């Protein structure tokens with residue numbers, strides 16, 4: 001297999017300043033991932049910090065908690081504005097949920113109000129679709145858009161880790177499907193019901209995955225995002 005941590009990939013982010021929403025979740029791992037690609041990674045907690053970044057990552061964690069804290073720290077509205085203005089954003093796991101325009105099974109607060117998202121991606125997601133923590137699993141995925149990493153034998157699959165991950169149940173006409181979990185995946189045949197489930201999508205400058213590339217050391221998804229920021233993908 002080719003090594004995703006090639007010299008070229010370690011320089012692709014040079015000169016870029018990429019923010020990672022650092023309210024909750026595995027934001028540190030994402031900062032390390034973009035820095036491994038040569039970019040400057042910065043934690044984002046305040047509205048003013050959104051002004052000086054080239055792109056933003058919304059990490060995995062608890063989507064309801066990130067939503068709540070984004071209001072407390074008053075970054076929700078400015079972030080939605082930046083997304084509408086075209087800021088490149090990548091969301092992993094909970095980040096995918098928060099970028100979705102619709103949640104099929106939203107959590108509710110004590111008053112019965114459904115959780116909200118930042119939106120931007122014309123998709124419907126289902127939370128914890130693959131099950132709870134004990135149903136976490138790993139698998140290899142064919143992932144579109146990684147041609148820049150092709151070796152003599154083509155593009156290696158992406159090794160993906162799913163931890164209480166969502167899946168996408170609907171995509172709008174402007175959304176490209178990048179990866180799906182095989183319906184015959186051994187550990188989730190009953191859950192998948194014979195349907196290939198969408199776990200990675202892109203629409204314009206927005207990218208989202210159900211899984212956590214920052215956990216496995218798989219840098220190509222972050223490299224794809226960086227190339228999107230540069231207008232090279």
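Cβ atoms here come from the backbone N, Cα and C positions, even for glycine.
Swiss-Prot annotates 61, 62, 63, 163, 164 as L-glutamine-binding residues; of 28, 126, 127, 202, the candidate listed for that same site is 127.
Ranked by how many other Cβ atoms sit within 10 Å of their Cβ, the recorded positions 62, 214 place 62 at the bottom. Across the fold, the C-alpha of residue 62 (L-glutamine binding site) and the C-alpha of residue 93 (active site, nucleophile) stand 9 Å from each other. Listed recorded positions: 93, 163; maximum Cβ neighbour count within 10 Å falls on 93. Residues 61, 62, 63, 127, 163, 164 are recorded as binding L-glutamine; their most distant pair of Cα atoms lies 13 Å apart.
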